[in-house]
Amino acid sequence: MEMGMQSCIQDSLPFAAMVIVECGEIVMITLGKAAMNSGMSNLVYVVYYNTLGTLMLLPFFVIHTHRYQLQLSNSSSCHGQLDSSIYILACHHFQVGPTLRMEKLNLRRSPSQAKSMGTILAILGAFVMTLYKGPPVRIFMHLNSPNQLVLLQQSNWALGGIFLAITCVCSAAWSIFQTATVKEYPDQMTVIFFFCCFGTIQCAILTLIVERNPGAWVLHPGIETIAVVFAAIFASVFRIRVITWCLCKKGPVYVAMFKPIQMVIAAITGTIFLGDTLHLGSVIGAVIIALGFYTVMWGKAKEKNTEADTVCGLESSTENTPLLAK
């Protein structure tokens, strides 16, 4: 009984962690949108929170590296392992082959069918929310503000959908490569720090090229400062560590399936707190996404139970097999 409870808790931890991450990401997006509505440049916002997050990670990385070197100082393989770390991090992005075996797929079995169907439903729901706007849902019309009407006139729904689709593809590719990287090089702190560091450098270079207004770099107190500090703590310190841990525990498909849920949470919170108009397409897409998400979760749970039954059957068969006479 106690072992079963511990197993249930361990299985629930990645789910709870990903739900917290997605909810926190919605808070970050909401604060970021409020900061940009007040006049802050979106590129400068990304540069500032990535830079602050990298600086927050720096002392933890230094302490971790120092302890890691002390632990390996008496090992004969220390020198070779430290020298090969940069090579592994640089070259592993080209090792696509092993990553294709991270998820089992057998379309003749019901768990694999459920995972495939759920994934298709989640993608379909995301496309519905992105491409089909539909009429506004009248029950939320009283929450709209004058600022929201201006935003609607300036919005480009189709262009935003294209950018979101590109983001989803890049996020899925990153999840696969991140999972493969931490399996080959399990020092997660090093991987996370250099990920944030190089991301900050890339964002800074792009912003310096695109953003020509010097006044855009001025960080005003209030919502802009709050948004930057929260994004730095959450995105650079907390989110990336939790997602990396979940990738190691459950794999990239499990982590990616929570992204469509984020769209549902964003639609609800945007309507309530920012006065966004909730459209029929968002409601229909949210329902389809929810169906797809729970279908995938059911398929993964069924697959795990099947594997456990198979292992138990093999152990029982081994125990019942009579020993050969000497």
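Heads up, residue numbers simply count up from 1 along the chain you see.
Cβ from N, Cα, C; glycine included.
Automatic prediction, not curation, is the source of TrEMBL annotations.
Sequence annotations record features per position, and here TrEMBL assigns transmembrane segment to 12-31 (among others).
TrEMBL lists 43-63 (among others) with the feature transmembrane segment.
Feature annotation from TrEMBL assigns transmembrane segment to 114-132 (among others).
What TrEMBL records for 157-177 (among others) is transmembrane segment.
Among the features that TrEMBL reports, domain 'EamA' is placed at 160-297.
As annotated by TrEMBL, transmembrane segment applies to 189-210 (among others).
Annotation comment: TrEMBL describes 222-240 (among others) as transmembrane segment.
The transmembrane segment feature in TrEMBL is assigned to 252-274 (among others).
Same-chain neighbours of the transmembrane segment (280-298): 114-115, 117-137, 253, 257-258, 260-261, 263-264, 267, counting only residues six or more beyond its ends whose CB sits under 8 Å from a CB of the stretch. What TrEMBL records for 280-298 (among others) is transmembrane segment.
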Determine how many residues of the domain 'EamA' (160-297) DSSP places in helix, in strand and in coil. 119 helix, 1 strand, 18 coil
